[in-house]
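Working notes, beginning with the structure itself.
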Amino acid sequence: MASHIVGYPRMGPKRELKFALESFWDGKSSAEDLEKVATDLRSSIWKQMSEAGIKYIPSNTFSYYDQVLDTTAMLGAVPERYSWTGGEIGLSTYFSMARGNATVPAMEMTKWFDTNYHFIVPELGPSTKFTYASHKAVSEYKEAKALGIDTVPVLVGPVSYLLLSKPAKGVEKSFSLLSLLGSILPIYKEVVAELKAAGASWIQLDEPTLVKDLDAHELAAFSSAYAELESSFSGLNVLIETYFADIPAESYKTLTSLSGVTAYGFDLIRGAKTLDLIRSSFPSGKYLFAGVVDGRNIWADDLAASLSTLHSLEAVAGKDKLVVSTSCSLMHTAVDLVNETKLDDEIKSWLAFAAQKVVEVNALAKALAGQKDEVYFAANAAAQASRRSSPRVTNEEVQKAAAALRGSDHRRSTTVSARLDAQQKKLNLPVLPTTTIGSFPQTVELRRVRREYKAKKITEDEYISAIKEEISKVVKIQEELDIDVLVHGEPERNDMVEYFGEQLSGFAFTANGWVQSYGSRCVKPPIIYGDVSRPNPMTVFWSKMAQSMTPRPMKGMLTGPVTILNWSFVRNDQPRFETCYQIALAIKKEVEDLEAAGIQVIQIDEAALREGLPLRKSEHAFYLDWAVHSFRITNCGVQDTTQIHTHMCYSNFNDIIHSIIDMDADVITIENSRSDEKLLSVFREGVKYGAGIGPGVYDIHSPRIPSTEEIADRVEKMLAVLDTNILWVNPDCGLKTRKYTEVKPALTNMVSATKLIRTQLASAK
């Protein structure tokens, strides 16, 4: 029986790649130093899988930034603004596309399906010239081969690549990206030919868009693309990998009849209904790569249950054609449980990170082949039983309170326009009020203070005094800049989800459970293992302190329930919405305590609301219903004069704008600048939005400092479609990843641009 891993985390067990990248970007180390770290990481991953007994080991899943950007480089599809002159694409062009540079902005970044990973969106048009410009897939295959490991090179499939792209600036929005198929397939053929020449016997093409609701012409593109590639595939085994959801019946039919394809991979964790399709019609003589080990969560696999599923599939595909696999790439999970020294033994026994999942996959394959490791399976069964019966998991009071929420609507009793009037009387803000999203730069000094306090090297009094000093500095900066609604800068917070999770019951935390979010940025998702409640106030002390330092309104800053849910590893033993309602009740208590402490503006960030949207349209309404309801639960009890803000990042909101309106927040700030004001097109098309709205006026994910004129121009574009009395001016996102040398001039220009427009508006009257 054979085993396969779809992909593996590339950051390293201790984030080695992150530190190497940042050192290189800061000019502190050379390209050779960076390549050395990358080579060591790749070889250790390949060796680890080989030693664990995995037969189909992936290569080319490593990336310096993003696998879709790697494909753009492979195809030489570099937007003109980066002045690339041809030849093999080097690091400087590659990183300019990812991060922008002093003169030009980065390419757009958006969520990879419904994960918290971001990819760099290709910008294509009828004049895009494609040329084979990065030989990475071949060189990594050869690199593994030199170590004595024969790998399966992985490429983003041609059709998914085009379906994930967008028309470049200046190209008609109606331009058919699939019309470029004929231009990119010759390069895929070259890559395949080189891989064959290098000795590859298998190749994996990831076509995850097959799980989405595709129309007939999109499905036809798969058929024609693979018919065109068929002759190049001769002598190769070709695996098409899908993941993240059930595959629709039509797509399944298209997939299983593609020319030249020998194997199909399915996510059987998020795609449980796919099992029915496989059982009713799996093509004979083809390989079935069964994704039974969850690549997106950190729970140990229920080996007995997976084995039973695999036995039933054996009857369908045949013993020699069934391959045990992960449901998707393991890059969405933490790297290695071995590095967790602080988790208690009970919780640890319930978990498996990427390194452990590799072992699980192989143990299942061996069991299928009649070599079951009884000791390993028995330990797994004991851990599953302990998790089911542990008193730490269940809190009846919380269960009851969450169950009671379902029948009601939880709305504030007055309309948003009436509330905005009441708030304006109290807050007395100027037209086009300015604010920031919440965090200010997290300096080395600040991180040191938090680290020392955690390690008990400084006393609580010393810690409070250091944080107080930082808040005071941030308040002064904002007052000097003349920002209207202030934030305290969040110096006490490590992460917008972790900070809250640490103060809620039902959460556990890792020391090294890092997961890549984009580029070198990693997040450390908390683990929700039990029922969630809030024992004590979490932010009131700091918000109250910050408000006492200024007469201007100070925003209380909270993370919303849907974002806490979507950015955590969530328990898989009850529906996600039940867990979300529990978190909503905990946040509701915090909102009410902030209001009682005199905080008049409270921001409840729902950065991840859109990202949790299921990939299949048939499941959208149910998700949006409970997600929006969860948000409303948090603030339905406040007075009209308390202004509720929310914030959302990187996502396409146009299709869920009515759900956003239904959240009934008083003000929403939204990421907008990297996506060419895509958001504003909703309002151009006539959607009426009566609440306050702040589409971000500059991109904080790039070190670039926008000019006053550029920001003023952005605000004018917004005023063309939004009423003056509802528009707010703010950056795209929090500022914690930026340096003060970038933040101060950028915010100075933001306020200057706002004042300039206010003057113009006043004189126009």
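Quick reminder: no glycine exception, Cβ is built from N, Cα and C everywhere.
Among the features that TrEMBL reports, active site, proton donor is placed at His701. Summarising the annotation, TrEMBL assigns 5-methyltetrahydropteroyltri-L-glutamate binding site to Lys18, Asn116, Arg521, Cys522, Trp567. Per TrEMBL, L-methionine binding site is recorded for Ile437, Gly438, Ser439, Glu490, Asp605. What TrEMBL lists as Zn(2+) 1 binding site is His647, Cys649, Glu671, Cys733. Annotated Zn(2+) 2 binding site per TrEMBL: His658, Asp662, in sequence order. TrEMBL lists 3-316 with the feature domain 'Cobalamin-independent methionine synthase MetE N-terminal'. Sequence annotations record features per position, and here TrEMBL assigns domain 'Cobalamin-independent methionine synthase MetE C-terminal/archaeal' to 432-755.
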**Request:** Consider the recorded positions His658, Asp662, His701 and say which one has the Cα lying nearest the Cα of Trp567 (5-methyltetrahydropteroyltri-L-glutamate binding site).
**Result:** His701
**Complete:** One finds that other Cβ atoms within 10 Å of the Cβ of Lys18 (5-methyltetrahydropteroyltri-L-glutamate binding site) number exactly 18
**Complete:** Per the 10 Å Cα distance test against Ile437 (L-methionine binding site), the recorded positions Arg521, Asp662, His701, Cys733 reduce to Cys733
**Request:** Pull out the recorded positions from the set Asp605, His658, Asp662, His701 whose C-alpha sits within 10 Å of the C-alpha of His647 (Zn(2+) 1 binding site).
**Result:** Asp605
**Separation of alpha carbons, Cys733 (Zn(2+) 1 binding site) and Glu490 (L-methionine binding site) (Å)** = 13
**Request:** Grab the pLDDT values for the domain 'Cobalamin-independent methionine synthase MetE N-terminal' (3-316) and give me their mean, rounded.
**Result:** 97
**Item:** Other residues, Cβ within 8 Å of Ile437, Gly438, Ser439, Glu490, Asp605 Cβ centroid (L-methionine site)
**Value:** Thr436, Val487, Met496, Met557, Gln603, His647, Gly734, Lys736
**Asked** Where's the emptiest Cβ shell within 10 Å among the binding-site residues Arg521, His658?
**Response** His658
**Fill in**
As a whole number of Å, the Cα atom of Ser439 (L-methionine binding site) is distant from the Cα atom of Cys733 (Zn(2+) 1 binding site) by 9
**Fill in**
Rounded to a whole number of Å, the separation of the Cα atoms of Cys733 (Zn(2+) 1 binding site) and Gly438 (L-methionine binding site) comes to 8
**Complete:** Cα of Cys649 (Zn(2+) 1 binding site) to Cα of Gly438 (L-methionine binding site), in Å and rounded, measures 13
**Item:** Cα proximity to Glu671 (Zn(2+) 1 binding site), best match among recorded positions Lys18, Gly438, Asp662, His701
**Value:** His701
**Request:** From the recorded positions Gly438, Asp605, His658, Asp662, His701, pick the residue whose C-alpha lies nearest to the C-alpha of Arg521 (5-methyltetrahydropteroyltri-L-glutamate binding site).
**Result:** His701
**Spatial neighbour of Lys18 (5-methyltetrahydropteroyltri-L-glutamate binding site) that is closest, considering only the recorded positions Gly438, Asp605, Asp662, His701 and their CA atoms** = His701
**Message:** Cβ atoms within 10 Å, counted per site: which of His647, His701 has the most, among these recorded positions?
**Reply:** His647
